[in-house]
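*Asks:* Just dropping this structure here.
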């Protein structure tokens, strides 16, 4: 199947006063049309920077997408487009849902106007049509009394409702790709499942692909087709959701899965991965996970492991699986 | 959502209103007024300002005399205030004169009428120059705060440079170079007063730019101009209103100052400032204090009222002070 989005060797560096932070350092992955890709990792591993790089919204300065990176969307390299062409893609072909529904709606705009804005920008509708469509979108995301809510201000809605509005906004133009940056993290557990179901439903309806960024493995298991695991700015493992959960290869993935609370079997204490994420200004010389890895060998501390292809759509970056191949 | 019973408890009404679904401009105003009303001094000041503006608007109906008309007889110069009308035949025939509430000045002009007409000038100068400097300052601050980096640096250094020039000497020089007139006063005050607002709006932008909804606006492909003026600026409106109110007070003071030095509004047109100038000799304070007292009092009351209202607006509009 053809790839909808193909990110190749993406490197996004931040030039801070203390030094260069390689937030995303040579990340490559792809998304096929209509599929849901989970991007998993701890805070600060570069998940969110990857997503804003895709929309070319990295604050510059201090951030910069380095030469040699490619983000190919429907055959064109987004990094080579002009700013005006990029604006036509944002919100139209690729749209985004944020983590914080409480702050991602503008408090001075009515709900309807916020949804209508994206339609006015990209679909060339007039105000009345945009309002009609906004009501229709609100109905679609399951908001009660949409004719009334369309004229409300955001502060009168709850967090779950606001996230529904964000989803309505994101899907209003039938995008090809929806980037969801931890869409359920800020919500109540009971609402989380509803929002995920809604996203999965609507995604099928409009036939969009989803890049689901999360650190919640439960969310991944529920909605993703494939998974990319990131650690300190690099992809460490990639595979379909079943093989990742059934047979994790990278010690980091293994650790992540172990540290997940289980519904069956009473555990006294949750496992955790010892240590902390390395300081991005002072990354270890070898494998970035080596200092925390319980299977680390001498070579891990000396050289950076390359990607090892284990099978179709299944790769891992670890010396346990290929001891000879190493970069630098 | 369960309906909350409304009673006279303010907090409960606010809770109910922010939680309920409907939300109209009228209701917002109601909430605003409820907060504003708590400051009694500000409410009195607000009515005072409304009163002063009404007097200025309806000046011809209120002033009993022509503000620039000198008295019929030299004996009437520096006449003391009185609330009684009187008759005189100085012009050859018997004539009834309206009471001189605030007395007469050295040319026999009615001080009350002059004060009423001067209010028109002073309040207009305040309004127009504030409109000019709010516009310049807001646009300047928006652009600096939004683009940041080198643009911000250059723009704010220009602001610093302008701020380091002492205002009064600059105003005096500029007014001396150009013909002193009410229009020049407005323009000069407008062109020099915007730096504070620019700093203020920039600071507000720097914090608002970090909000997710700005990022969200970018994500839907909105242009810079749209993000600045439709998404960010409306969120910064409250502090701008407060600054405008305070600016009104300082503009009226500056106008009075300039007119006092004879560089503002030119006689015979009256402004509160140049009425004070007329009354600056020491003998005035002894023999005809009303010439200085009334215009001075009006400046004082107006400026004080603007400041009180500004303070209360800040408290009522600042969402961070919400309970």
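Placement of Cβ uses the backbone N, Cα and C atoms for every residue, glycine included.
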*Asks:* Which is it, of B:232-253, B:254-275, that TrEMBL names as transmembrane segment?
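*Replies:* Based on what TrEMBL states, transmembrane segment spans B:232-253.
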*Asks:* Pick from B:82-101, B:182-201: which stretch is listed in TrEMBL under transmembrane segment?
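*Replies:* Transmembrane segment, as annotated by TrEMBL, spans B:182-201.
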*Asks:* May I ask for the residues of the chain that lie six or more residues beyond the transmembrane segment (B:292-313) and have a Cβ under 8 Å from a Cβ within it?
*Replies:* 36, 39, 41-46, 48-49, 52, 102, 111-112, 114-115, 118-119, 122-123, 238, 241-242, 245-246, 248-249, 252-253, 256, 272-273, 275-276, 279-280, 284-285
*Asks:* For the transmembrane segment (B:182-201), find every same-chain residue at least 6 residues outside the stretch whose CB is under 8 Å from a CB in it, and list them.
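*Replies:* Distal contacts: 121, 124-125, 128-134, 136-138, 140-142, 144-145, 155-156, 159, 162-163, 167, 170-171, 174-175, 236, 239-240, 243, 247, 250-251, 254-255, 258-259, 264-265, 269, 271.
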